[in-house]
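Enquirer: The structure is given below, and queries will be raised subsequently.
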Amino acid sequence: NLMQFETLIMKVAGRSGVWYYGSYGCFCGAGGQGRPQDASDRCCFVHDCCYGKVNGCDPKKDFYTYSEENGAIVCGGDDPCKKEICECDKDAAICFRDNKDTYDNKYWFFPAKNCQEESEPC
């Protein structure tokens, strides 16, 4: 669920997902349209696409199971749908970590009017 996603971002990227990515670019936060503005925004685009492929559970509300092994997040549990959600969240958190140096404050609270281009397909 979204609180677990926040926790994973804190653990993996070392920063608050809500603060840094809650309203960033064209895809971080609620909704998403247009073109990703930078690598961090692309992390959110890919995460949105990942959630869009999940069937049979609710990525924003359902709890999943994960553990930490040697500093890595390992998604677990018996429910394959919830495990998919975990993998989406884990991959996004890793993406945020790997692209921290591209984060640009000019995309924080980026106006939606700047996100009118046609979206690329997932």
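Positions of Cβ are set from backbone N, Cα and C atoms, glycine also.
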Enquirer: Among ASP48, ASP58, indicate the single residue that Swiss-Prot lists for the Ca(2+) site containing PHE27, GLY29, GLY31.
Expert: ASP48
Enquirer: According to Swiss-Prot, which candidate among CYS26, CYS28, CYS57, CYS75 shares a disulfide with CYS44?
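Expert: Cross-referencing Swiss-Prot, the cysteine bonded to CYS44 turns out to be CYS28.
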Enquirer: Restricting to the same chain and to sequence separations of six or more, state which residues have a Cβ under 8 Å from that of CYS44 (disulfide bond).
Expert: TYR21, TYR24, GLY25, PHE27, CYS28, GLY29, GLY32, PRO36, ALA92
Enquirer: Are there any residues in the same chain, six or more apart in sequence, whose C-beta is under 8 angstroms from the C-beta of CYS115 (disulfide bond), and if so which?
Expert: GLY25, CYS26, GLN33, GLY34, ARG35
Enquirer: Could you round the CA separation between CYS49 (disulfide bond) and CYS88 (disulfide bond) to a whole angstrom and send it over?
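Expert: Distance (Cα to Cα, whole Å): 9 Å.
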Enquirer: Do you see any of the disulfide-bonded residues CYS75, CYS88, CYS95, CYS122 whose C-alpha is within 10 Å of ASP48 (Ca(2+) binding site), and which ones?
Expert: CYS88, CYS122
Enquirer: So, in DSSP terms, is CYS122 (disulfide bond) helix, strand, or coil?
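Expert: DSSP call for CYS122 (disulfide bond): coil, neither helix nor strand.
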